[in-house]
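Novice: I'd like to ask some things about the structure below.
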Amino acid sequence: MLWPLPLFLLCAGSLAQDLEFQLVAPESVTVEEGLCVHVPCSVFYPSIKLTLGPVTGSWLRKGVSLHEDSPVATSDPRQLVQKATQGRFQLLGDPQKHDCSLFIRDAQKNDTGMYFFRVVREPFVRYSYKKSQLSLHVTSLSRTPDIIIPGTLEAGYPSNLTCSVPWACEQGTPPTFSWMSTALTSLSSRTTDSSVLTFTPQPQDHGTKLTCLVTFSGAGVTVERTIQLNVTRKSGQMRELVLVAVGEATVKLLILGLCLVFLIVMFCRRKTTKLSVHMGCENPIKRQEAITSYNHCLSPTASDAVTPGCSIHRLISRTPRCTAILRIQDPYRRTHLRNRAVSTLRFPWISWEGSLRSTQRSKCTKLCSPVKNLCPLWLPVDNSCIPLIPEWVMLLCVSLTLS
């Protein structure tokens, strides 16, 4: 038969509790968000023979109600924990063995605060170590991923680029890797703390930026690292590129030259064949000299030695065709008209078809006759009217004399 303990013994035991209940743990712990931290802890409590139940422990946040609020971590499987810390805060130690170590993963900024440990051993031991509280500080994640490039990036040759976060917590939620670049067309594979990208660079990728993003979903934070690609070319590739560039430039220049020639030809065809009006009708003196020279050429006694232009007029009066006249008067189209008969042309004051007979030779001389309306005359060539400046006619008739 067990007798109840005297009341004064129970009171004396309660006074000695503070001396026997002790907790050894760091006062302050700092961790970056998304990472993990291990808080070592040792707990001591009195050994009472009458308490036969198992020892359980819990970590609670400062200011909570012991009877209404749940702990952030506990070793009691029957007790619920807070949803905000469920799966992230874990009581690793066994309070039965005086170990109250706490493990925190996927740390979040709202985890910052004060925490205390509580031990329970039914039916008599229930103690909260509020005098030895833990201060937890969660700061922003300052670390960035590492991008490793093996050797040199050569254009046209695949390379494996590795993005890693060796400082990440293995016990935490695996991070998510993603690559960003205008040159990416390849696939990537990843492990717990790294991602390998199979990348085949091209010459145009030189100088572009490649970014690796790492997202820690457990904490809702993302970090990144950006590098600039340095793509090299082999000598053979360089020669090929130079040849291709030169070939393209040559083709473009050739096309441009052909276009210019075409435009020049079209411009010359449509341009009215004129000589600058510095002689002829606007110069009465030279016009009179030309008329006098022309009349002298018509004289039977005229000599070519005295008047060189007479050979042209006599050629006009003797030849059955006026092709020689066309060769002189149309310097821009003389090549085109060199072998063409007069039958394809129409003059407003002379009308003929085919070769000129001897009875029509005198009509050829009318072309150079000084008339009242000599300025201007119109010459239809291929159904197009070309205005003849009087100087042109003068030059036709007495070209050698005026030159």
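Note that Cβ sites are derived from N, Cα and C of the backbone, with glycine treated the same way.
From a predicted model like this one, the values you see are computed outputs, not experimental measurements.
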Novice: Determine, on the basis of Swiss-Prot, the cysteine among Cys163, Cys268, Cys281 paired with Cys212 in a disulphide.
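Specialist: Between Cys212 and the options Cys163, Cys268, Cys281, Swiss-Prot records the bond with Cys163.
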Novice: In Swiss-Prot, Cys169 sits in a disulfide bond; tell me which of Cys36, Cys41, Cys310, Cys322 is on the other end.
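Specialist: Record-based pairing for Cys169: Cys36.
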Novice: Long-range neighbours only, meaning 6 or more apart in sequence with Cβ under 8 Å: which ones does Cys169 (disulfide bond) have?
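Specialist: The answer is Leu35, Cys36, Arg105, Asp106.
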Novice: Non-local Cβ contacts of Arg118 (N-acetylneuraminate binding site) (under 8 Å, 6 or more apart, same chain)?
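Specialist: Counting only residues 6 or more apart in sequence, the Cβ neighbours of Arg118 (N-acetylneuraminate binding site) under 8 Å are Gly57, Ser58, Trp59, Leu60, Leu66, Pro71, Arg126, Tyr127, Ser128, Tyr129.
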